[in-house]
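Positions annotated as topological domain 'Cytoplasmic' by Swiss-Prot, on the basis of similarity to another entry: 1-9, 59-71, 185-201, 256-270, 320-343. Look at Swiss-Prot and you will find 10-30, 38-58, 72-92, 117-137, 139-159, 164-184, 202-222, 235-255, 271-291, 299-319 tagged as transmembrane segment, backed by sequence analysis. Swiss-Prot lists 31-37, 93-116, 160-163, 223-234, 292-298 with the feature topological domain 'Extracellular', giving similarity to another entry as the kind of evidence.
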Amino acid sequence: MGLLERLRKEWFIIGIILVIVAAKLEPTIGEKGGPLKPEITITYIAVSAIFFNSGLSLKTEELTNALMHVKLHLFVQLFTLVFFPTAIWIFLQVLSLTPINEWLLKGLQTVSCMPPPVSSAVILTKAVGGNEAAAIFNSAFGSFLGIVVTPLLLLLFLGSSSSVPFTSIFSQLFMTVVVPLIIGQIVRRYIKDWLERKKPPFGAISSCVLLMIIYTTFCDTFSNPNIDLDTFSLVVIVFIIFFIQLAFMLLTFLFSTSKNSGFTPADTVAIVFCSTHKSLTLGIPMLKIVFAGYEHLSLISVPLLIYHPAQILLGSVLVPTIKSWMLSRRKALKLTRQPKIPL
């Protein structure tokens, strides 16, 4: 494989490196309130574009079938909103014996209580070629569920409570997720033949939107003065976050590929991403509401600010590996299902 062909194949990973470097060099461009206005362009336009894109590319029957996949939905929601926070709470009982800042540890607990994001898990599932319809449903449903469940989890594990503006968050999610998806499905009905004939690069479009999300996320991270921690604490927290992500991705992978799970390789891809990703878009505003008045709010927020770009970075790097596994697994399953020719 020539160098140019290799670069073309790995354009997305190269793009990730470039946008992170660009964010580090001049974070003010993509930070909140900056020239790119990510609080509008990302929160509303980019997320809406992702789900409009999904509505255009997905067959209606695929979405309908995904709604009926109750076992998959239960697995994802129970893992991300029950098992995840409980496992982290147990893990933190051990970490509390170390010299790591206690507020950073509380921040790790808040990460575990967050709902799944409405965009990154869908884009990564699409990039691999997994069950995108299931990823869309679980990301959207998990986000709606998290609006109610996350404050209760924070109260349970950290003893924090506050009134959460459910109506405004629900309406924002509805307008940026449900409405664009429905519009995409309606438009698809009228241009279905053209879409099947031309086959637009929906995956590449979603990946470009994800690069924009990565860029603005890192701009916000690099421009945040509250992340000025001592090197030891920062390195340890980053290491722990990557360890948690890899461990839980492996765990969901093993569960969903076990002999009696009943999940397809495409289902496994959606499960791995949807079960382990956490929302920064909903998370940070929710932390500001729930922990209003806390002098350590900035420290509590740090793990989530690190977790979000880390999950996108790790997921993006693993896309080729997971895609290769999924294709080989599909091929193996197809061969085992073929009827044997009698001798």
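Glycine is treated like the rest: Cβ placed from N, Cα and C.
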Chain residues in Cβ proximity to the topological domain 'Extracellular' (93-116) (below 8 Å; excluding those fewer than six residues from its ends, i.e. six or more beyond): 76, 80-81, 84-85, 87, 138-139, 142-143, 145-147, 149-150, 153-154, 157-158, 229, 233, 236-237, 240-241, 244, 274-275, 277-279, 282-283, 286-287, 296, 299-304, 307
Integer mean pLDDT for the topological domain 'Extracellular' (292-298): 64
